[in-house]
Amino acid sequence: MKALMFKAPLQAVLTERDVPEPAPGEALVKLAYNSICGSDLSFYKGVWHGFTYPVVPGHEWSGTVVEAGGGAADLVGQNVVGDLTVACGSCRHCTVGKPTLCADLQELGFTRDGACAEYMTVPTGNLHRLPEGLSLREATQVEPLAVALNAVDRLAVTAGEKVAITGAGGIGLLLAQAVRLRGAEVTVLAEPVTERRQAAHALGVPHTVGGDPGELVGFVEKHPELTPDVVLEASGYPLAVQEAVEAVRSGGRIGLIGYRIEEAATMAPHHIVVKVLSLQASMGPGDRFGEAIELLAAGAVDVDALLSHEFGLADHDRALDVALRRADGNTRSYFNLRA
């Protein structure tokens with residue numbers, strides 16, 4: 001089979017390898033699509049945490065089960081998506097339902113081979129069946145939508161609240177829709193790339209600003225009636241954290257969802273103290289996979305604005321380049337693994 005491998009920083013190679021054999025408790029999935037996440041790009045550059053070279057990347061995927069043993073034989077022929085988290089199940093974090101914090105965490109696409117290939121093995125407990133009518137292309141966004149829903153709920157976003165978002169990549173655009181689904185309103189979104197701001201407008205965000213320092217704060221100063229109760233930081237850029245701290249209302253909440261490890265964030269702690277702000281981090285999909293599948297199947301979430309550029313694995317260099325440069329109106333590149 002063909003598989004894309006990250007061998008070292010900025011070294012992506014298309015390889016030929018044997019189809020993997022599923023271990024007990026695993027299924028073999030014939031992959032259909034995989035979208036490129038911002039974390040994949042950081043991994044590609046060599047500036048990420050908890051990864052292993054060489055490895056096949058990819059964790060936002062869809063496919064069809066072709067082999068499953070034991071009590072999971074009924075999965076064969078089913079279209080599925082899956083959680084990237086492979087937890088031990090027995091450490092103190094796992095036993096209280098927090099597998100993302102597992103002491104021996106493994107992740108598909110980071111520490112074990114992921115979905116930028118024709119086939120992949122996955123623990124059967126990680127799989128979620130897809131209903132008829134939900135396309136495999138759209139289903140690549142189940143995992144990131146679950147991430148967005150989990151973040152909005154961890155921030156306890158409720159009906160009637162005003163929310164600002166920094167960053168309009170895939171997660172930022174899904175956050176905008178997750179906020180709406182919870183009955184709150186995205187009043188403004190900050191994003192430097194014109195096409196991504198246009199995508200946000202197409203999804204119903206009424207106001208956008210660029211990503212330069214001070215633009216979000218300046219907007220709030222001009223429109224105090226739109227001062228956000230919550231700011232969701234989805235860009236991962238350090239300056240956006242300080243911007244969020246200054247823009248949110250006193251007593252408000254800041255959600256840290258995007259992050260990068262290349263640069264450290266610098267902020268003025270007195271803003272947090274004097275304004276009595278709450279900062280809440282969120283990582284991973286939590287237990288929102290089922291809801292994400294239902295929402296996509298019902299057409300309640302638009303992913304066409306996200307899936308902007310399709311590539312085959314053979315064109316991986318261009319796919320990664322376009323995604324890294326956010327070029328040609330890119331919001332999210334994805335691989336058609338059946339091409």
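Note: Cβ is positioned from N, Cα and C throughout, glycine not excepted.
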Annotated companion of Cys88, Cys91, Cys94 at the Zn(2+) 2 site, Swiss-Prot, chosen from Cys102, Cys116: Cys102
Neighbour tally for Glu143 (Zn(2+) 1 binding site), based on other Cβ positions within 10 Å of its Cβ: 24
Spatial neighbours of Cys94 (Zn(2+) 2 binding site) that are distant in sequence (at least 6 apart) but have CB under 8 A: Ala87, Cys88, Cys102
Zn(2+) 2 site, defined by Cys88, Cys91, Cys94, Cys102: further same-chain residues with Cβ within 8 Å of the Cβ centre: Ala87, Gly89, Ser90, Arg92, His93, Thr95, Pro99, Leu101, Ala103, Asp104, Leu105
Cα-Cα distance linking His59 (Zn(2+) 1 binding site) and Cys91 (Zn(2+) 2 binding site), given in Å to the nearest integer: 24
Densest Cβ neighbourhood among Cys37, Cys88, Cys91 (binding-site residues), 10 Å radius: Cys37
